[in-house]
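Novice: According to TrEMBL:
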type	residues	note
TRANSMEM	20-40	transmembrane segment
TRANSMEM	290-311	transmembrane segment
COILED	313-364	coiled coil
DOMAIN	373-601	domain 'Histidine kinase'
REGION	581-607	region 'Disordered'
Amino acid sequence: MSETAIGQRVWGIGRLWGKVAAVAVIGLMVLVFFTARSYFESLELQRAQSRVTLYRSTLLSALERYQHLPFVLAHDPFVLRAAQGFGRQQLNARLASFASEADLDAIYLMDRTGLTVAASNYDRDLTFLNQNYGFRPYFRAALAGERGQFFGIGATTSRPGYFIAEPVRNTDGAIVGVVALKLDLSGLERAWSDGGETVFVSNRDGIVLLSSEPSIRYRALDALSADQRRAIQARKQFGQEALAPLDWKRLGPDQVRLNGVSHLHVTAPIQGSDWVLHFLSPERDVLTRAWLVVIGAAILAIVISAAGLYLRIRRVRESLAESQAARRKLQAANIDLAREIEERREAERRLEKAQTELARTSKLAALGQLAASVTHELGQPISAMKNYLAAAELDAVPGEHSETFSRLSSVVGRMERLTQQLRFFARPSGAGVDGGANGAVGLKPVDMKPVDLKDVWHEAFALIEPDLDGAGIKLDAQLSDAPVMVQGDRLRLEQVVVNLCRNAVLAMQSAPRRKLTVRVEDADDLAQLSIRDTGPGLGGLTIEALQEPFVTTRASGEGMGLGLAISAEIVKEHDGRLTARDIPEQDGGGAEFTVTLPLKTEGPSRP
Ligand code: ADP
């Protein structure tokens with residue numbers, strides 16, 4: 001599998017996990033929401049239960065406070081007398097003082113027909129006096145010998161109230177009238193509405209009698225049937241109120257919707273009546289709290305995952321730093337290793353060079369011994385031959401054998417040159433040829449002095465100019481304007497230049513284009529002298545191969561392969577370097593030999 005494919009797969013898996021985690025988090029939040037909601041709902045229901053109990057007790061205490069007053073009044077002799085038609089005027093005043101003392105709306109006495117014969121509000125405009133309440137259920141109940149209780153809107157005053165009635169019996173036990181009181185519950189309602197909670201009381205018909213919310217008072221929880229409406233009308237219970245149905249719907253055992261808003265709903269029956277107390281708590285509060293819990297949980301989840309992410313990033317960073325440190329260590333170790341390898345290679349190269357040098361030195365040493373004995377053995381005969389030849393020339397008749405003499409002297413000259421070349425090697429290091437002045441083959445110490453390479457060239461040129469002319473070679477000398485000073489042995493440096501030039505001349509013997517380019521210049525503390533020809537080139541041979549003694553391509557007798565060996569030795573004595581290269585065909589072809597020497601700067605000359 002390719003790296004990109006692996007990357008894509010990992011990315012795909014990562015995204016899948018991301019989706020799974022998102023779904024899991026959403027699922028968890030939904031669970032948290034519903035759990036919190038049911039928890040807060042049960043809490044709220046508990047609270048509602050305790051509130052409804054409290055409201056019921058306040059209502060009961062308000063109702064029960066006067067429960068026994070009608071009974072007591074029914075046994076009052078003044079009431080009894082008035083019921084029997086005596087002292088009704090006095091009773092009016094008496095009832096008025098009772099009512100004001102007990103803070104009651106009204107206390108009144110009715111005869112058996114329901115006609116009010118005495119009333120506490122006898123002196124008010126809307127007095128009950130002479131009004132007939134025979135239609136009221138509380139009157140009928142009392143007339144039947146029971147205690148009558150009833151909530152209704154006053155038929156005379158149009159003000160709501162709670163009526164309690166008791167039969168008034170004469171000494172025989174016969175009912176001669178009914179005494180009743182009207183209790184004003186508006187104070188209680190005001191207290192409820194000041195509490196800011198929704199609480200109300202409904203009767204058997206589902207009509208709201210008392211409520212903390214005035215807007216729902218005298219409204220029906222369920223639509224009223226025609227019979228119900230007729231009966232209510234007969235009792236004149238709610239005056240002109242339309243008793244319109246409320247926007248009320250039961251959603252569950254503990255839930256209702258009132259005017260489009262969901263509420264938790266708790267009820268409690270009021271003992272001794274057909275009333276039910278309702279307490280409503282908006283579900284919105286529960287939902288708000290549940291949402292707050294969800295938000296809290298979400299914030300907690302975010303904080304936890306952020307902390308997790310932070311820790312993970314820190315771990316990744318740490319391991320990254322560790323791996324980077326390990327990488328750096330490895331890199332350092334690699335660099336050390338590479339340096340060590342390079343050092344070893346360098347040592348190997350040095351060893352190889354030293355071995356080559358050793359081989360070359362021993363070769364040169366052997367060559368030196370051979371050269372010493374050959375030059376020694378041949379030196380004498382060659383001198384003798386030269387002398388005999390000179391003597392024979394002197395003795396000869398002019399013009400006779402002159403060609404033979406010149407050939408002989410040329411051959412002897414060549415033999416002498418060859419022995420001279422060999423003599424170079426027949427000396428200890430640091431000594432040079434001196435033409436036989438020192439020992440058998442003549443050794444001369446190297447004479448190091450400041451030398452201008454341009455002078456070296458001029459001297460060498462003087463020696464090879466005839467060769468150049470003879471071979472028809474064009475010269476191109478590119479010499480630096482300023483002197484190019486080196487510390488060296490002028491004669492020996494000349495020998496090098498002559499060797500290189502001779503080689504060039506020989507190489508160009510059969511070349512179609514013959515040009516010798518000489519350059520003398522300085523650059524970067526180095527002096528350079530290069531000889532370039534237009535011959536056949538070196539055929540890829542290196543200077544190391546060419547400077548080996550006796551390496552030659554020339555015909556036997558034309559060269560011994562010692563020229564470059566000698567030149568290389570001399571350049572080495574001068575702490576310099578001899579290099580050679582083939583000139584590419586497109587640049588004219590041929591070979592170029594370069595002598596590079598340390599530039600002689602101002603200062604004391606080398607001893
Ligand atoms: P010799 O000239 O006696 O042969 P050298 O040591 O001077 O010995 O040269 C060695 C060989 O290097 C020559 O035989 C020749 O093959 C090659 N050589 C030297 N100089 C040149 C040159 N300028 N062009 C081509 N070959 C050269």
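Here the Cβ of each residue, glycine as well, is placed from N, Cα and C on the backbone.
The structure displayed is predicted, hence computed values, not measured ones.
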Novice: Cβ under 8 Å, sequence separation of at least 6 from the ends of the transmembrane segment (290-311): give me the contacting residues as numbers and ranges.
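Specialist: Long-range Cβ neighbours of the transmembrane segment (290-311): 25, 28-29, 32-34, 36-37, 40.
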Novice: Counting only residues 6 or more past its boundaries, what in the same chain has a CB within less than 8 Å of a CB in the transmembrane segment (20-40)?
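Specialist: Result: 286-287, 289-291, 293-294, 297-298, 301.
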Novice: In the predicted model, what is the mean pLDDT computed over the domain 'Histidine kinase' (373-601)?
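Specialist: Mean per-residue confidence for the domain 'Histidine kinase' (373-601): 84 out of 100.
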